[in-house]
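Chemist: The substrate binding site annotation in TrEMBL covers A:Thr146, A:Lys168, A:Thr179, A:Glu259, A:Asn381, A:Ser386. Annotation comment: TrEMBL describes A:Thr179 as active site, nucleophile.
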2 protein chains.
Amino acid sequence: MTVTTPKGFLAAGVASGLRRSGRRDLALIQNMGPKSTFAAVTTANRFAAAPVVYTRKIAASGYAEAIVLNSANANACTGPQGDADTLSTAAKVGECLGISPEHVAVCSTGIIGRPMPMKPLLSGVELAARALSPDGGSDAAEAIMTTDTRPKNVAVNLGSYAIGGIAKGSGMLAPELATMLCVLTTDAVLDPREADEALTAAVNESFNRIDSDGCMSTNDTVVLMASGASGVKPNADEFVAALTRAAHDLAEQLVNDAEGASHVITVKVEEADSESGALAVARAISRSNLFKTAVYGNDPNWGRILSAAGTVGSDVAAYDPADIELFINDVCVSRAGVLASSPDKVDMSDRCIEVRLVLHSGPHAASLLTTDLTHEYVHENSAYSS
Amino acid sequence: MTVTTPKGFLAAGVASGLRRSGRRDLALIQNMGPKSTFAAVTTANRFAAAPVVYTRKIAASGYAEAIVLNSANANACTGPQGDADTLSTAAKVGECLGISPEHVAVCSTGIIGRPMPMKPLLSGVELAARALSPDGGSDAAEAIMTTDTRPKNVAVNLGSYAIGGIAKGSGMLAPELATMLCVLTTDAVLDPREADEALTAAVNESFNRIDSDGCMSTNDTVVLMASGASGVKPNADEFVAALTRAAHDLAEQLVNDAEGASHVITVKVEEADSESGALAVARAISRSNLFKTAVYGNDPNWGRILSAAGTVGSDVAAYDPADIELFINDVCVSRAGVLASSPDKVDMSDRCIEVRLVLHSGPHAASLLTTDLTHEYVHENSAYSS
């Protein structure tokens, strides 16, 4: 149930030596065709890393036969040397697999601002090329982990074709993606335009709806590779729905494994006058450190939720603050802007918390997944240099 | 050197019993005139507390002879009862001082969503009215403290007239103000329009330039009371500059006392194409939890600073990511988007840290004060219900 579940894909995950620990740190995935359709959605961060800038060009061509991903070093803020190193990496993959380097995508994650150690990386590519196998998906998922505590895999079987995927990411999860790499594969028959549209739609409803610490990274990349090996041309709507399901499953796995989180929080904003307004209010709540620390303390602090919601202007989300309802774990804690039930009735002991704010101003809704702000988050991010 | 330094003001700070600890919790400040000019800048939060909504009306009239401020209870998210309680409070002040309740402003800070305990509040007003004195400013500064560890006072002497002030605030510091109350006084002669313009300008360059945890509160209020007791009509520019100096001094005191901070960080963005763009970039850096935890760990993590800056779109701040310089405590850690000096050269041991990002794209600059994100912040905000 991984990136090699759909037909036409080989994968490997090896220890190149980028990590001194000897853990797997390099993943290679090859699309054996007959088609090599490729699409990517990448970070909006203006300090986009060298492999991101490079992979955007590959995606613009619509085709890639392989993708190589490394952890431990992000090759970000590395200037022209970073660009040259990315090209060398692609060239090495091309050489090992006997394909054009122009059909090789590259992703990196790890520490920012340090030159890529090319010697272990290039020998790792050789190792991975020899290790490619139809069962290598889960090794690849392991190789892209950074502070993740577990690998993330998914597969959706649609009978005549399948979708698979791997992802990594645990800190810096935020919309418009977040030190987050994801490779989705399918054996459906897609042309580049179809792949691009489906991927954009799926990312928008999945990875762009998680927000663990509001930080968008320099390296975020989600790609879709379509081999066409099933011979099945999918129904477009069905495919988008299935791809969204796979992406959403991986996004949930990311939030569940977010750095130092003790609660996973679903923030739902309902009956808003627009979806974008609902999303802005959900985002404001998801990013309130005061709210997130309260959840860590098992405190159903509804005042902090309303206070965070209230920072979004009426030009963005029109509603009457005196006509709202706020539920925490299905207990209505506030109605019409004042206390309803006692917050003492809210059981915060479960790992999953749901906040639901009903604005009574229209038919639109949006929801986000976030996490609490904990001592472990502070510890991990003050001690770990990335 | 406080709110009673300018001529024409009496103040008191008493223990009304709102706090079970017996600490001072109620402040009263009376403007003895001859003028009673009054201006206020209040929170943009849409769940503005009852006293905020009320005090906006007083400020619209341009006149107030007294202001009463309580800590312990914010009277926020308290609905029509909250409005009625605010009116009763103003009425009680009017009765005790023999003035019209329509010339009494009200501010509250403390826990959100609980009805105001009116019995101690009203008896506290009586107590405070009897305690009013020309030396009562520092008692008033103490009475408005919540999680502040020390009172905040200021005075600026301009020879022929003076400006004084008190403030409170320690968590939830953010622009557009932040559970932050501030009373500025002057014995200069100002009409309401002059007072309002000067206050707006001063707040914009002081309280709106601090951002400890990005959270904007329901109760933030800054007021200016002008007695005219000096008989001096000030030069407008000189007055705005002096008022800004007083407000900035108080803002710095607030950041220095921010909940659980171990570093105070100045974020300067220079050579930007617009002031608003510079401010947006400074804000993005100031709000990055990854950056703030790194500073807590004494890690001059320049990659996280660029990564945060890079989240601001080129429509907001136009610059070339390959043509920037980043200084931490005057060490140039990154130039042209890559490593310059080794971050090891940066001494992070001092409490004050300066981050300076030079965009090389225009003549504009902006700076913000923020704090690091620490275990103490998480502890204080997960344990303290506000």
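Glycine is no exception: its Cβ is also placed from the backbone N, Cα and C atoms.
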Chemist: Looking only at A:Thr146, A:Lys168, A:Asn381, the binding-site residues on record, which one has the least crowded Cβ, with the fewest other Cβ atoms within 10 Å?
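Modeler: So among A:Thr146, A:Lys168, A:Asn381, the binding-site residues given, the one with the fewest Cβ atoms within 10 Å is A:Thr146.
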Chemist: Take the binding-site residues A:Thr146, A:Lys168, A:Thr179, A:Asn381 and keep those with a Cβ under 8 Å from any chain B Cβ; what remains?
Modeler: A:Asn381
Chemist: When a 10 Å sphere is centred on the Cβ of A:Thr179 (substrate binding site), how many other Cβ atoms does it contain?
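Modeler: Taking all protein chains shown, A:Thr179 (substrate binding site) has 28 Cβ neighbours within 10 Å.
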Chemist: Taking DSSP three-state, what's A:Thr179 (substrate binding site) in: helix, strand or coil?
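Modeler: Looking at the DSSP assignment, A:Thr179 (substrate binding site) belongs to neither helix nor strand, so coil.
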Chemist: If H, G and I count as helix, E and B as strand, and all else as coil, what does DSSP give for A:Asn381 (substrate binding site)?
Modeler: helix
